[in-house]
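The active site annotation in Swiss-Prot covers 26, 44, and the record cites sequence analysis as its basis. Taken from Swiss-Prot, the feature domain 'Acylphosphatase-like' applies to 11-101. If you look up Swiss-Prot, you'll see 2 marked as N-acetylserine, on the strength of experimental evidence.
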């Protein structure tokens, strides 16, 4: 994966609120993450939200954050998304973007 000069690797946790379970949200999130070349994970929570972690170049992570806030899967209805624990990382902790059961 080639990175633009100065495109720092970052890690950020996310949680998406709204109608995001039972609408293939995790599958679409995984596909979008892979398309952008990001790594991390996504899972459903007992509270009816979807949460996970994104890692990759800052510009790609920003694109994915916007996607999580505004797009999601076709049948989802996103109320809001929260992002926490953003930090610069020296290397990726994952080799893939996974759906966690």
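Even glycines carry a Cβ here, placed using N, Cα and C.
Model, not experiment: these values are computed from the prediction.
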Ranking the active-site residues 26, 44 by other Cβ atoms within 10 Å, which is at the bottom?
44
Please count the residues of the domain 'Acylphosphatase-like' (11-101) that DSSP assigns to helix (H, G, I), strand (E, B) and coil.
24 helix, 38 strand, 29 coil
Cα distance, residue 26 (active site) to residue 44 (active site), nearest Å?
8
Local confidence of the domain 'Acylphosphatase-like' (11-101) - pLDDT mean
98
